[in-house]
Structures are given as C-alpha cells and as structure tokens.
Amino acid sequence: MREDTFFFQWWFLVSGLSFIFLLPQAFTYHTPPINPCFAHPFLPPITNPRLLKAFTALQAWKFTITSDPNGFTSNWCGPNVCNYTGVFCAPALDNPYVLTVAGIDLNHANIAGYLPLELGLLTDLALFHINSNRFQGQLPKTLKCLHLLHELDVSNNKLSGEFPSVIFSLPSLKFLDIRFNEFQGDVPSQLFDLNLDALFINDNKFQFRLPRNIGNSPVSVLVLANNDLQGSCVPPSFYKMGKTLHEIIITNSQLTGCLNREIGLLNQLTVFDVSYNNLVGSLPETIGDMKSLEQLNIAHNKFSGYIPESICRLPRLENFTYSYNFFSGEPPACLRLQEFDDRRNCLPSRPMQRSLAECKSFSSYPIDCASFGCSPPSPPPPPPPPPPPPPPPPPPPPPPPPPPPPPYVYPSPPPPPPSPPPYVYPPPPPPYVYPPPPSPPYVYPPPPPSPQPYMYPSPPCNDLPTPVHY
C-alpha cells in the first residue's frame, strides 16, 4: 500500500471519530428546554372544556414570556389553571355550575414578552389587567372573541402599532386604558361613540384632531394628555358631556383656540386640566357655574384679561393654577384660595411677574378667536369697576351763629273757678209691693133637694069599667 493512501485513510478515520464525538454536544446545545408543564405523562385530564381552552391559552402565553424576574408565572403548570398566579376563576354567566377563567391581573409584574393569538380562547374573560410590564408588539386581533370583556388595561407597556381596532369588536367594554405605550397614528372618531365609562389614551404618539362627535362619549373620565392634537380647538359638541363628565385632562397636546362660554355646562366636573397648550382669550365667566370643580389648571397658555371673581368663589375649589399666562387682573378672592399659583403673568403689585415690555408686546396683537375655526366665544368679562373717587374734603365750618334770645316765658293762666259740688240724686222709691192674691174661690152651697114627684091617687076599684063579653 502506498504511504500517501495509508495517511489519507488514517486521517479520515480520526476526523470521523471526532465528528461523531462532537455531534451530540452540538445538537444538545441547540435543543430548546422542555416545558415542565408537559414533562409529566400522567397528568389528570381536564374535563371542563372551558378550562381546557384556558389551559391552552395560558401555556401558549407562558411560552412567549422572555423575562419574569419576580416569578409570577412560575406556577403556571398543571391542569388547575385556577391556581395560577394572577388568574381568577368564577362560575360562567350562562351556566353557574361551570367554572371559567373570568379575570387576569398581572399588574406591576415587570414581565417581558408578547401577547399570543391564543388569548382569544379566553372567551369568558371579563377583566384583563397587565399594566406596568414590558410586553411588546400589538394587541392580537383574536381579542375580538372576548365578548364579555369589561375592563382592558394594558397601560405602561411597550405596545406599538396603530390604534388597536379590535377595541371596536368588544361590545361589553366599559373601561379602556392604553396609556403610556408607543401607539401612533390617527385615533378613529368612532372611539367616542363607544359606551365607555373611562377612557385613557394619554402618553402615546397619536396624531389626530378632536372629532366633532367627541360630545357623544358618555365617559366620566377622559384623559388625552401628551399626544399631538395638531392644533385642534375644542369642538362645540364637547360641552354636551356635562351630565357625565367628571374629569378631563388634555395637557401638553397642542390645543389651540378659545374656551367657549358653554363650558359652564360641564357642571359635574371636578378636575379640569388644559395646561401646557396654546389656548388664548379670556376665561369665560361661566366657569363660575361649575360648582363641583376642585382642581383647575390652565397654566402655560396664553390667556389674558381679568380673572372673573366667580371662579375664585367656587365652593369646592382647592387648587387654581393660572401661572405663565398674560392675565392683567385678579380679584382678591383668588389670593384667599387654599392653593393658587399666579406667577409669570402681568399682574401689577404681585411678585414674580412678566416684564412690562413683554406684557405690552403681547397686548399689542389683538386676539381673534374666530380665526381658529372654533365657535365664536363669549365676549370677555368686563373689567372690574374702578374704585370710587375719594370724597372731597369737608368745607370749612361756618362761623358760629349769635346766641339765640332766651325763650319767651308765657305767664301762667289764672286758676280755674272752683267747680260746684257734684249733684246728689235722691234715692230711688221703694219697690212696689203688690197686694196679696184673693182668697180661695167661693164654694157654692149644694143645691136643695129636688121635690118628690107628685103621686096621683089611684081611682077606686069600683069605678073600673066592667069588661064586656062578646
């Protein structure tokens, strides 16, 4: 055998053995870990079909989780999904004898991962709270199968994409919170036609204008802050929300225009915050009709004029912040509030105000609220009446008059003549004494006895006639 041939065979044999020796290690390194929930072949079967679907959904979700530093999902194993951390079971609405997964609450768990399509299997879910985590991606479209979902809170995550249109397929939804995410683009106007109680879409990257139908929303809390409203003004329909709206926050959202006097119709408001915008004009005096108002923040705008006194006399107002504007007058009632901030205005005799040149420069440009395309606002409130002029100095006192003559003393009248003694009337006559009544009535004597009847004498028997016999 040739030497080169022998060397080739020997090299091939050694190389093959090395490859065979290293092959298991290579494949073992790339093999995914075995899910411990399926490592036991003798798990009891799940006879409840609804809990079986929930088991499938939760195991698929756990598989997408990339980080769980606090171990919230460490016990998501086995068929008893009702014992999983953050999973809550309750009797089904259509069958109280069947147990279902009715709620998921993983708030503040700091979990990283994605939301899988299998979440659509949780058809009995009424509450889904996963705020303050690190979930990425988009809301799965399969959430449209959750017809019983009442509350959806995915706030403070890293969700992205356009506004999740799956929201419009949830007929039972009342509470929607998608704030502090990375959603972007337009906000559909039909969002404000939904029958919601609370709506939070603040602190995203939305770019939209306030729609004309915003007044159709029956929400009690509306937060749109820290988005780009693209210079939109407040639509007239906004003031139709007076019966339900309690809190509205639209800070730092490029809001422009003037506030209409109809804002006083929002008489249920407790919080009104439109700070850090480009609102102009004067404050409507009708804000004084919002008797429930507790927090009023209009700072960092371009309001001007005189602050109506009725605002500062609201019975429940605790904090009124109107700093960084161009107000030129404030009533003393504002200075008696529990908390107020009037810095950086044009208020005379108040500390920390704008310079006189800055105030004159701003007032040299007239404000035309109609130019913003909003409904014409009410005329600005009249300035307070000037203080009355000081009274004129009193005239010098006149010279003292001469002393009056002594009063004339009339002589006393002569004494009246003595009056005659009073007439003494004679005593009245004695009362008439009537004579006594007559004696008893006269008693007549009895009549004399009547005379005896006269008896004629009978004739003698001899004088009788003799009867004649025939």
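Using N, Cα and C of the backbone, Cβ positions are placed for all residues, glycine too.
Under the heading N-linked glycosylation site, Swiss-Prot lists N83 (among others), citing sequence analysis as support. The Cβ of N83 (N-linked glycosylation site) lies under 8 Å from the Cβ of N75, each on the same chain and at least six residues away in sequence.
In sequence order, E294, Q295, L296, N297, L337, Q338, E339, F340 are the residues near N319 (N-linked glycosylation site), counting only same-chain partners six or more apart with C-beta under 8 A. Sequence annotations record features per position, and here Swiss-Prot assigns N-linked glycosylation site to N319 (among others) based on sequence analysis.
Marked as region 'Disordered' by Swiss-Prot: 378-411.
Across the region 'Contains the Ser-Pro(4) repeats' (378-470), mean pLDDT in this model comes to 57. The region 'Contains the Ser-Pro(4) repeats' feature in Swiss-Prot is assigned to 378-470.
The repeat 'LRR 1' annotation in Swiss-Prot covers 98-122. When Cβ-Cβ distances below 8 Å are used as the criterion, the repeat 'LRR 1' (98-122) is approached by residues 48, 50-51, 53-54, 56-57, 60-61, 63-70, 72-73, 81-82, 86-92, 128-146, 153 of the same chain, each at least six residues removed from its ends.
Summarising the annotation, Swiss-Prot assigns repeat 'LRR 2' to 123-146.
The repeat 'LRR 3' feature in Swiss-Prot is assigned to 147-170. With helix defined as DSSP H, G or I and strand as E or B, the repeat 'LRR 3' (147-170) counts 5 helix, 7 strand, 12 coil.
Annotation comment: Swiss-Prot describes 171-194 as repeat 'LRR 4'. Sequence-distant neighbours of the repeat 'LRR 4' (171-194) (same chain, 6+ residues past either end, Cβ-Cβ under 8 Å): 126, 131, 147-165, 200-208, 211-217, 223.
Annotated repeat 'LRR 8' per Swiss-Prot: 266-290, in sequence order. Residues 225, 231, 239, 241-260, 296-311, 313-314, 316, 321, 367, 369, 377-378, 380-381 of the same chain, all 6+ positions outside the repeat 'LRR 8' (266-290), place their C-beta atoms under 8 angstroms from a C-beta of that stretch.
Residues or ranges marked as signal peptide by Swiss-Prot on the basis of sequence analysis: 1-28.
If you look at the repeat 'LRR 2' (123-146), the same-chain residues 6 or more away from its ends with a CB under 8 A from one of its CBs are 50, 53, 67, 88, 92-93, 100-117, 152-161, 164, 166, 169-170, 172, 177. Annotation note: N83 (N-linked glycosylation site) sits in a helical segment as assigned by DSSP.
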